[in-house]
Amino acid sequence: MIQNRTTDRPRRPPDPLTSEKRHATLVQMTPDTPPAPAPVSASGRPLAPNWWWVVATIWSGQAFSVITSGASGWAIIWHVTTTEGSALKLALVMALSQLPLGLLAPLGGLAADRYNRRAVMIVSDLGAGSMSLALAVLAWFGHGAFALICVFAALRSCFQAFHFPAMSAAMPMLVPEKHLMRINTLDQAVSAMSNIGGPAIGIALYSAFGLPFTLGLEFTGALLAVAGLALARIPSVEAEMPPTVMGQIRQGWRALSTNRGLVVLIAALTVGMMVFAAIQAVYPLMAKQHFGADGAMVSLAEAITGSCMLVGALIMMAWGGGKRLALLMSCATMIVAPPIVAIGLLPPGGFWAFVVLMGFACVFLAWFHSPLMTLIQRHIEEDKVGRALGFFQMMLGLAMPVGVALGGAIAERTGVPALFTAAGLVFGALGAFMCAAPSVRALDADGPQ
């Protein structure tokens, strides 16, 4: 019989760690996995989960308001054209419709930093719409005299001066950094659609229904804009401000002027907008006198160039502009230069080449405004960005009428083709200067990676 024998083996010592201690030890040995960071807006605030719905709600109303406002403005222009027949009176109405936008922009920026930005936009939309409604009522009862049109056009522009700084300062609070450039370009795309459709809609409605109806339509657009804003929540900004209004405005200017790169870009864009306004003012004259185009051809050329600016804005919205926005502006400025120089050298039979070259330039002209606005939003503190954008709007608002006046005066002396050639050379010099400026390049180095 074989007996079972146990083999003597060394016994395993008891585990001194209990299950609870073992778990604690493993937890200590396992590196902590940090939780995913909460999404934030471009200004660093917590980002609403439905931020895209908030922005879409705001912009749906704003888009209708911008288009109806453009149609209303053109109805006023056409009314003055047909009833007064005076170039001087037409120029006066256009100046009163534009100058307050630039002159009052610093106050609009101050209001955007001092008060709730949604409230500022609501007051601005309602104020501008109410001015158009009041003028519509007066015109309905036969009191649409030229003097009243001038007064209400100026008052309407005064209210509109408060809208851009508040709207532009609010977007970084609602939108993530990677989409900020796209949302800024949406503003330009809507403006381009208004520029394309505004003349046709305004003149058609004026011809069919008269001035009161067209002006009343702007009030309807203002109500839709206010409805979109009422459904959105825009947080207030806590800001420490000097006691006086001038001190508060100077504080905003110091926040902007300490960034040399932004100052250089704003100055360059101001010069560029003056040059563009100069050639835009003589665009119909170039088409008619130099190329012999008739009214239909000029209208078609205007529509094509406006559509090309819209295409440029849509490309920017789809692309996002990349990370080097200052370089993008510099390159776009230099790309614009050759076709505008070439326009001034075209022979009288080159009308369609003129349209193609101008359309190509307009695609890249749409790449100026939004990148600079994004850089200002990115580099200026949240409680001062409204005032910085107000100064930006002031410079551009004053550049356009000055450029129109200079363009007419220079074209009288040199001829319209020479003005286009000179304008292209100025664009090229501006682009080269912007590329070479170290302070401008530093804006991209300090941007988000």
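In case you wondered, yes, glycine gets a Cβ from its N, Cα and C as well.
Marked as region 'Disordered' by TrEMBL: 1-42. Feature annotation from TrEMBL assigns compositional bias 'Basic and acidic residues' to 1-23. As annotated by TrEMBL, transmembrane segment applies to 51-78, 90-112, 133-155, 215-232, 262-283, 295-318, 325-345, 351-368, 389-410, 416-437.
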Give residue numbers and ranges for long-range contacts of the transmembrane segment (416-437): same chain, 6 or more residues beyond its ends, CB-CB under 8 A. 261, 264-265, 268, 271-272, 275-276, 278-279, 282, 285-286, 289-290, 326-327, 329-346, 407, 410
Long-range Cβ neighbours of the transmembrane segment (351-368) (under 8 Å; 6 or more residues past either end): 188, 192, 269, 272-273, 276, 283, 286-287, 291-293, 297, 300-301, 304-313, 315-316, 321, 328-329, 332-333, 335-336, 339-340, 342-343
Same-chain Cβ contacts of the transmembrane segment (51-78) under 8 Å, 6 or more residues past its ends? 41, 90, 93-94, 97, 125, 128-129, 132, 149, 153, 160, 167, 171, 174-176, 183, 186, 190-191, 193-195, 197-199, 201-203, 205-206, 211, 214-215, 217-218, 220-222, 224-229, 231-233
Let me spell it out: take the transmembrane segment (389-410), skip the flanking residues so only those 6+ beyond its ends count, and list any with a Cβ under 8 Å from a Cβ in it. 95, 98-99, 101-103, 105-110, 112, 161, 164-165, 168-169, 252-253, 256, 266-267, 269-271, 273-282, 369, 372-373, 376-377, 419, 422
